[in-house]
């Protein structure tokens, strides 16, 4: 047909164009003038650092470090990718089968399914209906809204506070105690040293640099981990690490890194390494202690004056109670460290001033309480606790701990709890005999075995029958162990709701997914410098929320409106009102101590700087006068033997530090005949947990064939015919994953590393696109928690034990699947 | 039926209407109102006329047949799920309708996925601004979304000369819609959107051929 | 310079007949009468222009006022200096004028003529104003802000709660609303102002044989006169007043102590590390201070404990009859401050001896002054699973 005739025919059908509006509209004057968002530099911050951003044509154009951050990390180069990556959750969405069948939907589809877009109004009503259903049918024990995590920075929009306040206004729910990072440590140390220690300010670096002769970095990699912080990080610690490097070079301070691998810190400082077999640190510590006692190197006076129970520990150490003397020879067998080195270490540690700095990894293993306890005993025997540059710390690798605190008050936050006189819509507190609070890492067990009673920290916990989970700014499909077990558990849930900015695996395993905007699409306020509290940062909105995403404040204000509680929720204040209130309250708290300008001037300037604090020594007051300044332990003293723990009667956590064999241990330990390789899944170098993994361009600076790197030793690589850059399948009886081989001398035989935080991207067992929801699926990107064990550390802490994990690996020969982690839900064709 | 002589402007209006219709179908899911309009008697005539061109027939037939089967809420939701899986989530395993994703592919031959709101988005914003237009605030998508480009083509049909129309269609539609259609056909779990995309591709090809011939 | 030294000498001479105040009063009054008539003077000195004619007033308080809601607001009502600082009642007004004539000396002697000097005196000057507001029951505020005309519904629930309580007592506004028109002085020395605003600063005359609770951590003394401290009495501790002398009371503290060191620390009960008081070494050994009773071994630590009663002196302020307002304040603070980073555990989640370790290990990010920290820790301990068996 002739084109013109055809078109004439079209005209003649005179079809009237659809009533729906065009996606285009006349340019309005406001947008034309660009008044809404002027281009230029603005200030903001993140866990990765405070920084400045340039806005151009309404989008983020450039990022550069904050003026006061002298050691910025290159992770800020990933910020743009966090905002503009294709994994953004763009609209409120509901899993189709859930939309059709509600709480009776086919839950085996989770993780591999069809979603539909809904309006915000519809989504929030669905959320309310689901909560109504669970509260009226099961009561508060049916709802778990207490799994919370690292969120994004900002005190006003803290995603967990908003979610818990709003959901709390609807009804009560199951909560968690503890966290994945330090679960064993924060539970055991209050009994031993009288505080969690892991989250306490530590002796200031200037004092350590001045006074220490020896620094022991025990399983500790501060140069890697100090890159990120709980608040907007400004990296002051790195100036001290640089000074330490200088002192190491000059031979003024001896730094020994006790670790199976050569850490980033060791390489930076140019310090010594003492290799130890994975998971055997307690044996090494016992060997050292035995040598100290034998050679009378320990400080008996300090032990006598400041601790309790050494006499009850000694028979175990010397072998009188169990017939096994914990000699250097005994320790050598287990740890792979020679008796001579152990003897020498005992001498080195007791000569001059020794600062022990413990990392967190060794408490994320079965019996993870023990290495922390035994390290405290060693420090007590050395007798320098409370002296500058001596004693022990458990946090010098975290959030600027060790940088002197300014002492200024930080801004408060939007309230997490209900106001005093507010009552939830469903006010029942009847948990039907189950516990309302469960140890953080045991929630999957609870879903699997509701009603089961376990021991935890001296009491009994009965698992609630959880039917619904609500997550916000939190990705348990990263940080929890054993994906295949999680899949089984999730099939038992009636409803899963996730609020996030990008399609994390947690979103993919949800029924209702709500889009939150990123930190850079809203105004907020934060402290910068984390524990150092160096100042207050204006977090200025860079761009309007993308797609239909909303700020956490807006999402839950709307949800509160659905409940008829909008004014109760916001206390009648707008976002701007809150921002000013948080600032003004902080200003009032600092009045007379730290000068803060009015809000407008602060916002214009972008920050208020508090300056540097005074150096301080941990436990110095206790050392000075233990009677007036007792520790927070039952006795007020260091408890080498804890009667309190002993009377719990736990076989896996007795009354004094004890070496116990693990369920799985490499280098000749149990299970190593079948799966000979220990996998460490430590905190990543280029992310904050799973945050920033989705930032594509930045991710590609470290991936191997698009996969998460698996670091392995040249010996292991050769044995398996693997070359650097190959795709490797890592597996055990719990699961399997693909990762990209990085062959490195830094890793000893029998040890591999895959950083946690690698996004889970399940595909069919044979590498095909379909089958990701199935048990046994292959992770196409390399999430190490596909392989880890979901067991408690002990009956005491019941904490995460990701480090007790053996695997095997091989060069991957099968069909190489596309990485499925970063593209939202993958739909299976039926 | 109108018996008056058909003017050029009426023809351009009709072309614009086709672009506008395609834009609307990519902009959002088919809801009850849209379904009603697409299956009305008037629309039947329109579809029939469209199907009279052999290049369009198969796909128009598919569209009409799918539409005629959308008898329940559930059926509409299933179609909405197809839409969502293709256009609202991710890129690799779906077929996000952003020009930037397919242009880069075509040029560099790389499989890299550029970030959203990139260069193509800025380019389209420039075009819109020149024409005193902007993307509706109720459509919070990057400006290189297919629905925006098609709507802009509709606008050009009624406001620009044919040379300008041809230039735009060649440079901003014809060079990537083929890749896009292939991806949609590969990923679509139903038939509607693959047919719609193929129809769009054929329409644009016909347009390019026709407009070239008239130069 | 000589004239200055002379004045200085004059001022420093002990006044034989006239106090400094009356000298200045007469000089001032004579001055203004000479100037053009008393009433005119009174009017004139009641204007903002007069107040800020002195440089130190203009540069500091006046500038600061301009940044506050009392200067600029939607209703367009502005408070000028005399509205707040000169009583509206005639006799009080004259009294205030006489007081204010002191300021002439300040001006003459250049007491606050630089920013540093002003800041150094700020607290003193503010305290004088606060006292005056207290004496007037904040009458100057109440000329515009009336409890009876407050619209409760438009206040937040929290504000309602605070304001209603204040209204019932016709509380002086300045008790809570300090630093709203000018910069708040360095309150380094004033402790836990919000807490005190809520629980009050105690009975004016504590009665013998009555029991009270401490509203702040307080110093202990050997007797009713000495400044030598004998230790500290922890916040929210129950004491019995035994006798009262001047500004001091003798109190009795019952409790238990560990038999380690000098036995200086008195705890709430046997085996519980809930702090009541700490004595200095000397005080603990001083005859008549501590009376001792039975001993018991704590099975949890193996330490010997001994029941004690201490009798010792403290200032009579900050002793309140009711413990509940302290706990209310502590609970509010706990739920607000300890939920900034994570969900705060239930009070009964830990026992009394575990709480100090948990609390101390989490406090780095929490903004609480020493008194409030001690109060919250004690609140948690006394509401822990040790006392509340309903947990779990």
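Just so you know, the numbers here start at 1 and follow the chain as drawn.
Any Cβ shown, glycine's included, is placed from N, Cα and C.
According to TrEMBL, the feature heme 1 binding site maps to C:51, C:54, C:55. Residues or ranges marked as heme 2 binding site by TrEMBL: C:81, C:84, C:85. Annotation source TrEMBL lists heme 3 binding site at C:141, C:144, C:145. Residues or ranges marked as heme 4 binding site in TrEMBL: C:173, C:176, C:177. The heme 5 binding site annotation in TrEMBL covers C:338, C:341, C:342. Annotation source TrEMBL lists domain 'NapC/NirT cytochrome c N-terminal' at C:16-187. Taken from TrEMBL, the feature transmembrane segment covers C:17-38.
Overlay of TrEMBL annotations on the structure.
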{"residue": "C:51", "record": "heme 1 binding site", "CB count, 10 Å": "20"}
{"residue": "C:54", "record": "heme 1 binding site", "CB count, 10 Å": "16"}
{"residue": "C:81", "record": "heme 2 binding site", "CB count, 10 Å": "19"}
{"residue": "C:85", "record": "heme 2 binding site", "CB count, 10 Å": "17"}
{"residue": "C:141", "record": "heme 3 binding site", "CB count, 10 Å": "19"}
{"residue": "C:144", "record": "heme 3 binding site", "CB count, 10 Å": "12"}
{"residue": "C:145", "record": "heme 3 binding site", "CB count, 10 Å": "12"}
{"residue": "C:177", "record": "heme 4 binding site", "CB count, 10 Å": "15"}
{"residue": "C:341", "record": "heme 5 binding site", "CB count, 10 Å": "21"}
{"residue": "C:342", "record": "heme 5 binding site", "CB count, 10 Å": "21"}
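The average pLDDT for the domain 'NapC/NirT cytochrome c N-terminal' (C:16-187) in the predicted structure is 71. In sequence order, the binding-site residues from C:51, C:141, C:342 that place a Cβ under 8 angstroms from a chain A Cβ are C:342. Within 10 Å (C-alpha to C-alpha) of residue C:84 (heme 2 binding site) lie the following binding-site residues from C:51, C:54, C:141, C:145, C:173, C:177: C:141. Sequence-distant contacts of residue C:173 (heme 4 binding site), defined as residues of its own chain at least six apart whose C-beta falls under 8 angstroms from its C-beta, comprise C:133, C:138, C:141, C:142, C:145, C:166.
Cβ neighbours of residue C:338 (heme 5 binding site) (same chain, under 8 Å, six or more residues apart in sequence): C:344, C:362, C:366. Closest to residue C:177 (heme 4 binding site) in space, going by CA atoms and restricting to the binding-site residues C:51, C:81, C:144, C:341, is C:144. Within 8 Å of the Cβ centroid of the heme 2 site, not counting the listed residues C:81, C:84, C:85, the chain contributes C:51, C:79, C:80, C:82, C:83, C:86, C:140. Listed in chain order, the residues near the heme 5 site other than C:338, C:341, C:342 are C:339, C:340, C:343, C:344, C:362, C:365, each with its Cβ within 8 Å of the site Cβ centroid.
Reduced to three states, the DSSP call for residue C:84 (heme 2 binding site) is helix. Look at residue C:51 (heme 1 binding site): DSSP puts it in a helix. Same-chain neighbours of the heme 3 site beyond C:141, C:144, C:145, judged by a C-beta within 8 angstroms of the site's C-beta center, are, in sequence order, C:138, C:140, C:142, C:143, C:146, C:173. Secondary structure at residue C:173 (heme 4 binding site), taken from DSSP and collapsed to helix, strand or coil, is helix. Of the candidate binding-site residues, C:81, C:341, C:342, the one lying closest to residue C:54 (heme 1 binding site) when CA atoms are compared is C:81.
Reduced to three states, the DSSP call for residue C:145 (heme 3 binding site) is coil. Looking at residue C:144 (heme 3 binding site) and residue C:85 (heme 2 binding site), their Cα atoms lie 14 Å from each other.
When the binding-site residues C:81, C:341, C:342 are ranked by how far their Cα is from the Cα of residue C:51 (heme 1 binding site), C:81 comes first. The Cβ neighbour count for residue C:84 (heme 2 binding site), using a 10 Å radius and every protein chain shown, is 20.
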